[in-house]
Amino acid sequence: MDSSIHLSSLISRHDDEATRTSTSEGLEEGEVEGETLLIVESEDQASVDLSHDQSGDSLNSDEGDVSWMEEQLSYFCDKCQKWIPASQLREQLSYLKGDNFFRFTCSDCSADGKEQYERLKLTWQQVVMLAMYNLSLEGSGRQGYFRWKEDICAFIEKHWTFLLGNRKKTSTWWSTVAGCLSVGSPMYFRSGAQEFGEPGWWKLVHNKPPTMKPEGEKLSASTLKIKAASKPTLDPIITVEGLRKRASRNPVESAMELKEKRSRTQEAKDIRRAQKEAAGFLDRSTSSTPVKFISRGRRPDVILEKGEVIDFSSLSSSDRTPLTSPSPSPSLDFSAPGTPASHSATPSLLSEADLIPDVMPPQALFHDDDEMEGDGVIDPGMEYVPPPAGSVASGPVVGVRKKVRGPEQIKQEVESEEEKPDRMDIDSEDTDSNTSLQTRAREKRKPQLEKDTKPKEPRYTPVSIYEEKLLLKRLEACPGAVAMTPEARRLKRKLIVRQAKRDRGLPLFDLDQVVNAALLLVDGIYGAKEGGISRLPAGQATYRTTCQDFRILDRYQTSLPSRKGFRHQTTKFLYRLVGSEDMAVDQSIVSPYTSRILKPYIRRDYETKPPKLQLLSQIRSHLHRSDPHWTPEPDAPLDYCYVRPNHIPTINSMCQEFFWPGIDLSECLQYPDFSVVVLYKKVIIAFGFMVPDVKYNEAYISFLFVHPEWRRAGIATFMIYHLIQTCMGKDVTLHVSASNPAMLLYQKFGFKTEEYVLDFYDKYYPLESTECKHAFFLRLRR
């Protein structure tokens, strides 16, 4: 009895879902317009209903509803056709919440009196929904969103055998997961690209697992369509009045409505004709818009600059006839949310009240059709993504809204034979009032189109240092072709000379800078206006990268001379020896990045004795080896502190000596709380730097170095620990050379290898360098 009640409640629930949809033609079986009912057939003829109630708030789904699971989760017995609640089972079939995808036989129906179950073959969409639901119950993620590869794919891989059995794990199975997320958006999955500013974040629209629907309860598509026709959807879509809609209405009602529209149109035409005969004049004293009069009795042509607004208070009643545009008062379209509104159009049907605007019309009414980006209707089948702020000024707006087309380009709906003659009469009468406006719009677009069709002059950019290295490598790889071409030999020698000058710290000849300097001497205005291009002064960075090849290390690269051991000429030997003469090292500083007060020291270590200190201690004690009363002085501590401006020259010198030329870490002064510098007295022996917030949930360790004479004392271990603690809750990433033994140290902290990058350091090392140029990309997941 209880099972039959439960069965009827499930059927009624499907009936309610079906009645919220609208009828449609040509849909596949199991698909209802407005709400896709995804029914996936499995091998055992069982099906799964992945539809959810669309009436809830799809923006809020943080944690799974455990109480809902306790009430709804049950298993369907194939023999007795009953639903058995999970609480009545003798053993737990699945350790995952919301998982009842089993071919189940209850203990009453089985021959041995034991419950029998067998895993059904799951589809990828079911697996993804189960994974995301269980992740939400764990409370992980960010605002209910989960990362596609790091969270969802990792969960599926962890439970692969339990969910997918012996299904073969292909090399691109994670791409299948990404495809399921994209295809199921926005019906089942919602992207977090808007909230976090980066792709790869997803969550369930309704945080409930997919429900299993056995074959006995499956409703036919025809039944769903019949029930859906009796109740329209309650999600209205605002459309523009005047657009024709498909509707199955009584022919008598259609004829009456057509007659009423025709009378309204005739009334509007009479009013316009009367206004043309009694055309007023334009008050020039209060209007700032230039007006050009063509002839008496004709509407003045209002000439507008882009972004200018007409002042309607300065226009007479004769000038208040609206342009050919939809009525400002929209009408509600109660069509199905899954059906795009019909884009066929009819002439503007205006009444006398519509001729006098109550408020200022939209600015888009006074621009050409090519400049208008939206038609006022958002396709409900798409998920609206607002364009980035920077794209507004740089180019056309890109979104899901469709471009407005001219009246002559809009596809007309097929009309009946009775409507055609009347329709042609209306069109012919409205054509006279629209022809002049369309002609002026075409004339205005012609010079703009001619201007746009002109080929743009090429804009040349200087070759970067890395591109010069690649070009020189290519020339050296084909000596035969270079020997036969004088131009190639000349280019090769020029590149070699430029490289030699960089190694020796000599200035390079730059024609653009010479011409720019000459123009600045003649007149500063010419230099500022020349081409609208701001040239970089000598010494600025020339390491350009595309978005695909962007590297965080590029921000520290400069065009300084690359000779090994080269140092700033302003750096004194005393500063390089003892760091600085700054006596105010014991004062706190304020971080410009987080506005936190940073103490003078992170840690003062009196216990660690690196090999360098042990050697110094032995040298001092050797002098007093014959003095039994000699007591050694206490050693100075190792001071861990935040980076300061006086540290930068020495750190840059060490980076250029032990890493590669052209490194300048001055940018790290903008976020000193994500740095650590180790001092012995005033000598810098180690340092580490991290770039915070390279992504929404990720930080990047850019440089970590300990002087070779101070290693194997735990200094690097504490620096890594400190940098990790500064970004609690965020992933920490880094690149490490493939031949660097420090990889073992990173693995102790939980860093995992994600990628092996070939020739990662080839961009930075000199050509003659023998260092390993490949790198591992490591990530510490939090």
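First residue shown is number 1, and so on along the chain.
Backbone N, Cα and C atoms are what each Cβ position is placed from, and that goes for glycine too.
Keep in mind it's a predicted model, so treat the numbers as computed, not measured.
If you compare Ser416, Ser433 in Swiss-Prot, the phosphoserine annotation sits on Ser416. Swiss-Prot records phosphoserine for one of Ser22, Ser55, Ser285, Ser559, namely Ser285.
What Swiss-Prot records as N6-acetyllysine, among Lys245, Lys292, Lys403, is residue Lys292.
Swiss-Prot assigns the feature region 'Disordered' to one of the listed ranges (187-218, 251-282, 603-634), namely 251-282.
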